[in-house]
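Visitor: Here it is, the structure, as structure tokens.
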Amino acid sequence: MQEQYNPQDIEHKVQQHWDNNKTFVVSEDPNKEKFYCLSMFPYPSGRLHMGHVRNYTIGDVVSRFQRLQGKNVLQPIGWDAFGLPAENAAVKNNTAPAPWTYENIEYMKNQLKLLGFGYDWNREFATCRPEYYRWEQEFFTKLFAKGLVYKKTSSVNWCPNDQTVLANEQVEDGCCWRCDTPVEQKEIPQWFIKITAYAQELLDDLDNLDGWPEMVKTMQRNWIGRSEGVELKFAVKGENTDLEVYTTRPDTLMGVTYVGIAAGHPLATKAAANNPALAAFIDECKNTKVAEAEIATMEKKGMATGLTAIHPLNGREVPIYIANFVLMDYGTGAVMAVPAHDQRDFEFATKYGLDIIPVIKPADGSELDVSEAAYTEKGVLFASGEFDGLDFQAAFNAIAAKLEAEGKGKKTVNFRLRDWGVSRQRYWGAPIPMVTTEDGQVHPVPADQLPVILPEDVVMDGVTSPIKADKEWAKTTFNGEPALRETDTFDTFMESSWYYARYCSPQADDILDPEKANYWLPVDQYIGGIEHACMHLLYSRFFHKLLRDAGYVKSDEPFKKLLCQGMVLADAFYYTNDKGGKEWVSPTEVKVERDGKGRIVSAVDATGRQVEHSGMIKMSKSKNNGIDPQEMVDKYGADTVRLFMMFASPADMTLEWQESGVEGANRFLRRVWKLVREHTELGQAPALDASALNADQKALRRDVHKTIAKVTDDVARRQTFNTAIAAIMELMNKLTKAPMTEAQDRAILDEALKAITLMLYPITPHICFEMWVALGQSNIDTASWPTYDEAALVEDEKLIVLQVNGKLRGKLTVAADATQQQVEALGMQDENVQKFIDGLTVRKVIYVPGKLLNIVAN
């Protein structure tokens, strides 16, 4: 071993060894238990950031730990390579998205290798390559044949100046990010996949995901949003049509005082035909795109249509209003409004002077007051005719039954979940494999004509998609007839919804090789951010069920266990510029002064200017507080960066980046290196003889095996990697202080250092690879995780706490197998106990075996 720990030399050498020996390349082995560990694959943005490093370090620790358990471990990597940022970067750098993407992949691949992640690089792919998306295109045509794909008009953000569709993130304060033109809402035909056909199964199967965080499952349950209610019809006076509404509160039906409809509802269009003011209001609503989440807080606006709805049970006439809080995309685009029992309806009714009729009162008989706010609790019906006195459930059933008997409604189950719109009016995505013939018929592209290849040699003007601008690209034939290609591309969530499955057989001449897929799937451990809870994780679950129903996989779910890593935070600093805006300064350019408690009291940048400390916030480009992993690896080595990432915080909590912590991790590795070097320089250690150990040696060996037991549980079951590292550090402190005068002292140290090297290997594999060889072993990559010796954990002695009347009066060391009588006798003889019971009568003695003796006396 070199005298000094030199991470750069070691890491380069060990990484060469892994590459040359294809250490992490795996294949199916029916004789070995498999373990598939996957971290969410990166978008090739150009450089890795610390969030990536944290995610991939956790994945590598889990993978290497499972390898040491003797399992056949698959840990693949690839690139989520389509998407809008590549288009933006291409315009900015005057290039095309493809070369920009491929350059980034090469650079980031090198960065991943420098961090020592044990990937099977033979399985690497980029989703922007035709050999990947070709199978996605074919699967889409199969879903179309099954009736699970359809086309309908849907609203998009439209820039009238550029004549182009904008993604939500390209709309800034209601205007186009490029030309500042007010954005409009435009209805265009788009492709959808029927995820709603699987809504109930997606909901039910969450109960089987024991290895998922409860929070993610709750988020998905809410997103799917199953509710039981009643679908009912309001006739429209003077019109030969009905308004269909869905309600989860049919018990409030007798309190309806108006009906709200969406601006996009056909009835709204009809009412506005001869009403310019109404038409203008509809345009205003349509051009204010509202996310469902914003409805609760936005100002409620409406306008009367002049139309009247007829109550289905009591025949009361109620006005029909267009309301900006009713969305066409949700439910039927119409709602029955009960201002007395719904706060949103109450605010609207108060604003427009509409009736507020209470029909539910508290079940406990307390006074009902709807003068200031709606009463939204469930209670007992009144002013509801034949339904008076019924509670919620009884009223629900009775009103539903009456509506059904009269052909005006029925009980139904509703889902908040909407079908998945997969059309994007962008260039850098997989072309949707559909064509339209001259007779207007839409057809899937036949399998023998796939893939529909996205041309990569294009010029980006920053406005129109090159495949929309190039009229020749769309021209094709179908069965010998002229046809036009679909020029929309797939939502990039399509690629990320099945990539985990493609890794099982990346060269397969089909979307999957079922035999290989069923060996590896489901993924045993998936790692990624909680921000993907409702989109990517739900779409992947859906896609897996589609693959199952197409006969490719046997499992119902793609991911057994899910770990959502916390964000990486760093100090952020700024100064205020002449225009009053914030200019963010990189923490690497800031000198800080701290008080006695470590709080920042003063900060100046490289020019000497005072800067404000904004606190510890998520690392991001916009706040200029990202720390480049490359710089840290160059300065301290990959093992140090990995160790800090795993030690600084529990994996699922936020991690505060502190370079002092990185320095601490580096010092610890140097201490381990030094102890191993000093130990190995003395030559081979004598054999361990457990029967020849004295009490101190037994205690130290017990600590070694307690640590093995704790670290094993922390890593395998609890996934509290930080406490596992803390336990190893504690053991290191004890070993450093332990005497090394006898042969058995060295034997215990040898056993301990081998265990520490194996336990640190998943976290800091390069240094452990070297130390393992120095300790006289062969290849740590194929070694086994240490097991603790039950016999070593057995204690010869126990420490008993002595109490008199519940107060601590002393401690007593007894043989581990001492009886209660022996402990009582020794306890009574204790000098301090004698002092406190002198002159008193012992009433009883309470003994907690092996822990405590309490003498009750008065």
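Using N, Cα and C of the backbone, Cβ positions are placed for all residues, glycine too.
What Swiss-Prot lists as motif ''HIGH' region' is 42-52. Here Swiss-Prot flags 618-622 as motif ''KMSKS' region'. The ATP binding site feature in Swiss-Prot is assigned to Lys621; the stated evidence is sequence analysis.
Walk me through where these features lie, including what they touch and how far apart they are.
Guide: Nonlocal intrachain contacts for the motif ''HIGH' region' (42-52), taken as residues 6+ away from its ends with a CB within less than 8 angstroms of a stretch CB, comprise 79-81, 83, 85, 89, 101, 104-105, 107-108, 111-112, 115, 126, 529, 567-568, 570, 619, 626-630, 645, 657.
Taking Cβ pairs closer than 8 Å, the motif ''KMSKS' region' (618-622) reaches residues 49-51, 567-570, 584, 657 in its own chain, all 6 or more past its ends.
In the three-state DSSP classification, Lys621 (ATP binding site) falls within coil.
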Visitor: For the motif ''HIGH' region' (42-52), DSSP counts of helix, strand and coil?
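Guide: So the motif ''HIGH' region' (42-52) is made up of 3 helix, 0 strand, 8 coil.
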Visitor: So how many other Cβ atoms are close to Lys621 (ATP binding site), meaning within 10 Å of its Cβ?
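Guide: Step by step: centre on the Cβ of Lys621 (ATP binding site), count other Cβ atoms within 10 Å, giving 10.
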Visitor: I'm checking region-level scores; what's the whole-number mean pLDDT for the motif ''HIGH' region' (42-52)?
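Guide: Mean per-residue confidence for the motif ''HIGH' region' (42-52): 95 out of 100.
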